[in-house]
Amino acid sequence: MFTVFLLVVLATTVVSFTSDRASDGGNAAMSDLIALTIKGCCSHPPCFLNNPDYCG
């Protein structure tokens, strides 16, 4: 019975770890999308003036 318990804990840990890694990739993709959107904004003078912190 203890062996079954250990297998369940191990399986849960592996699934959780791989889910976290997949989610990190999604977060990185979202950061890239936000960066591209901000860069697009910075090329337009009205948007640039409204967002000086992002456009530097």
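Backbone N, Cα and C define each Cβ position, glycine as well.
Copied from Swiss-Prot, the annotated features are:
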SIGNAL    1-16  signal peptide
DISULFID  CYS41-CYS47  disulfide bond
DISULFID  CYS42-CYS55  disulfide bond
MOD_RES   CYS55  cysteine amide
Integer Å value for the Cα distance linking CYS47 (disulfide bond) with CYS55 (disulfide bond) is 9
Taking all protein chains shown into account, the Cβ-based neighbour count within 10 Å for CYS55 (disulfide bond) is 15
Neighbour tally for CYS47 (disulfide bond), based on other Cβ positions within 10 Å of its Cβ | 14
Cβ atoms other than its own within 10 Å of the Cβ of CYS42 (disulfide bond), all chains, total 15
Would you mind pulling the DSSP three-state label for CYS42 (disulfide bond)?
-> helix
Long-range same-chain neighbours of CYS41 (disulfide bond), Cβ under 8 Å, sequence gap at least 6?
-> CYS47, PHE48, ASN51, TYR54, CYS55
